[in-house]
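Step one of this worksheet: look at the structure below.
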Amino acid sequence: MTRIKINARRIFSLLIPFFFFTSVHAEQTAAPAKPVTVEAKNETFAPQHPDQYLSWKATSEQSERVDALAEDPRLVILWAGYPFSRDYNKPRGHAFAVTDVRETLRTGAPKNAEDGPLPMACWSCKSPDVARLIQKDGEDGYFHGKWARGGPEIVNNLGCADCHNTASPEFAKGKPELTLSRPYAARAMEAIGKPFEKAGRFDQQSMVCGQCHVEYYFDGKNKAVKFPWDDGMKVENMEQYYDKIAFSDWTNSLSKTPMLKAQHPEYETWTAGIHGKNNVTCIDCHMPKVQNAEGKLYTDHKIGNPFDNFAQTCANCHTQDKAALQKVVAERKQSINDLKIKVEDQLVHAHFEAKAALDAGATEAEMKPIQDDIRHAQWRWDLAIASHGIHMHAPEEGLRMLGTAMDKAADARTKLARLLATKGITHEIQIPDISTKEKAQQAIGLNMEQIKAEKQDFIKTVIPQWEEQARKNGLLSQ
């Protein structure tokens, strides 16, 4: 019998290419991992994060609707020709995000997916279903079309997956795992030198809020959301950017001025204020750490007024008592409101005086410098007042913006007086009675009875169809 001598080293050397080839081949042919679908139903995460979920759910207690147009009818004139002249309520709890955008008169009464005045982008800050659709269809797919197209898809209120990477193992273990669920927000943060992945924990906390509490506009044919920060975040920087690209949100129906509508620029105003400069974040003031019944600390998701949790918020830094700080804040708020009203009065007159000049035959060339002043004045006013907490976030910046708005409005009216005189008009232009919201809306020609009736029909007929379809598709809990 012949004995065979086995050279182990030789065999191993022959097998190495085989193993290497097999390994590489397996790597190349393995199917790519399927991305985890964003789970938009907030109640899914209640078992893992019960305290956070219940406190988030408690935002439903912030249910009061405050009619800002009824409080200040001048707004109707300033927004003439724009949906905000129909309806503008002050913000309430996150639990009403979807309900409020459905029921506001601004979104109209569409009969089908291709109908209505507004684009899909108007859903963008209302629901984790937005993140789900962007992941599923891409940004172009999500933004395409009218607002009504999203009705059966966007059904869960702003919640967990808007701010957290809920699919991550760390989130399942109880970690926050913050994320920017809106890609356009991530690009904007990168544009100002703040890539989210490289930001510290405190920066990330405010950046997450800044996905929505921010100024933005609808860009291009697809009306995609973009933040106007290319030239900087101050009011003049954004104004310059908008002028450079010749953007306007609408044309005021009285003065025919191409206007800008500020949204809710809390991130920009917070950045400009003392809290932002010292990295006191949105979370520190609006979502403090509190104790549950067992004494365990958790982040309170009932986002609200810091004075409601004074010991856990303001008192962490300030030595003054609650009453003293409330007095300071109230005085700042009053100062801003007083100047706000003065600017609005100037702008109301400017819009009606511009209308009189146009009616008297003023040319486009004659009106251009006047309309530029009106546009810039109202933009600066709007950026100040659209940030509801500016008296707390950046009162000095708020007063500065309103001061420059007053100057611009005065410039417009001075030019208008000269132009009107060349048309033989030297008397004061009369302003109609706008002492109530209803009278102001009548003055700009709105048929509010018809608008409200159409909306009520939409609420009764279309919204139930959306919800039924969402339940059938498993997007909404039964």
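Even glycines carry a Cβ here, placed using N, Cα and C.
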Residue in His144, His164, His393 which Swiss-Prot records at the heme c 4 site where Cys282, Cys285, His286 also bind: His393
Cys209, Cys212, His213 bind heme c 3 per Swiss-Prot; candidate in His94, His349 listed for that same site: His94
Candidates His275, His301, His318, the one Swiss-Prot lists with Cys160, Cys163, His164 as binding heme c 2: His301
Packing count at Cys317 (heme c 5 binding site) (other Cβ atoms within 10 Å of its Cβ): 11
Residue among binding-site residues Cys122, Lys126, Cys282, His318 with Cα closest to the Cα of His94 (heme c 3 binding site): Lys126
Distance, Cys282 (heme c 4 binding site) to Cys209 (heme c 3 binding site) (CA atoms, angstrom): 7
By Cα-Cα distance, the member of binding-site residues Lys126, Glu215, Lys261, His286, His301 nearest Cys317 (heme c 5 binding site): His286
Residues within 8 Å of the His275, Cys314, Cys317, His318 Cβ centre (excluding the heme c 5 site residues themselves): Val280, Cys285, Pro306, Thr313, Ala315, Asn316, Leu325
Other CB atoms, at most 10 A from the CB of Tyr216 (Ca(2+) binding site): 24
Inter-residue C-alpha distance, Lys126 (heme c 1 binding site) and Cys160 (heme c 2 binding site) (nearest angstrom): 12
His301 (heme c 2 binding site) - helix vs strand vs coil (DSSP): coil
